[in-house]
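Let me begin by presenting the structure, written as structure tokens, before commenting on it.
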Amino acid sequence: MLIKNYRTQFVQALASIFDEKEIESFFYIILEAFHQLKRVDLVLSPDLKLDNIQLLQWETVLLQLKEQKPIQYILGETQFFGLPFYVNENTLIPRPETEELVEWIIKENLKISSLKNLKILDIGTGSGCIAISLAKNLPNASVFAIDVSDKALATAQKNAVLNEVDITFIEKNILQTEDLNQEFDIIVSNPPYVRNLEKKEIHKNVLEYEPHLALFVEDNDSLLFYRKITELATRNLSNNGQLYFEINQYLGKETVELLEKYNFKNTTLKKDIYGNDRMIKVNFR
């Protein structure tokens, strides 16, 4: 079968579930993953064919997409900050908003990183996307990453090897940690922050497939992780150290107030590309 003809079937099969742009995105992601071809290749070579084995591969993916399984989990990989990452049901799928957080940290610290060996800690590392992207772009930094899930850490370690960076990974429940036993110049975290009351806003592909441990917090203590990490930061950030958070867009004011209670200074609350409160930076002492 010609790929261009199969494309018509593919689009029709998903039309009742996804919008046209999303289906088109799926098609070209798979085209590149399975055939190392881009959109322009299909335009230039419209007679490209699928053999029976290739057709079966596409149909297998199509069945999973109909169940709204994320394309990143189906293929087992994604891109983040221009780097390749393995992902699975033990790790969140990295978001564009988190890329904005990484970009902010790099811009703020690129110059100082060339002058000193920064120590950076990523709390709740998941796939390792934040820690690895920082290590790749701040090559003089010593990067540490914590997660409570041994399965997530196993994936993060594979991603560190894939991207040729050295990260110190630590399995630890941050909520049961009283001290980190060393000082860091930067602590960054994208902890669980989605309240249970917000589940009605969450799409099926997230709710049914991504790890709830990394997503949700109780409604009556939605800043639990922020409070604990902030407490640790007061003990384990160096002088003039920086604390960065990705935050719940509905809790920007509350998160700022929490940080100010711990006497952090120079609070900066930033919006993401969609205009939502999404990240915070504060300085220590």
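Cβ atoms are placed via backbone N, Cα and C, with glycine included.
What you are looking at is a predicted structure, and each value in this text was computed from that prediction instead of being measured.
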Note: Swiss-Prot has Gly124, Thr125, Gly126, Ser127, Gly128, Asn190 binding S-adenosyl-L-methionine, and from Asp147, Asp150 that site also includes Asp147
Going by DSSP, is Asp147 (S-adenosyl-L-methionine binding site) part of a helix, a strand, or coil?
-> strand
Helix, strand or coil: which one is Asn190 (S-adenosyl-L-methionine binding site) in, per DSSP?
-> coil
Cβ neighbour count (within 10 Å, all chains shown) around Asp147 (S-adenosyl-L-methionine binding site) = 29
Distant-in-sequence Cβ neighbours of Pro191 (substrate binding site), under 8 Å, six or more positions away = Ile123, Gly124, Ile174, Phe225, Tyr226, Ile229, Phe245
By a simple count of other Cβ atoms within 10 Å, which of Gly124, Gly128, Pro192, the binding-site residues in the record, is least packed?
-> Pro192
For Gly126 (S-adenosyl-L-methionine binding site), the nonlocal same-chain Cβ neighbours (under 8 Å, six or more residues apart) come out as Thr91, Leu92, Pro94, Asp147, Ala152, Ala156, Asn190, Ala214
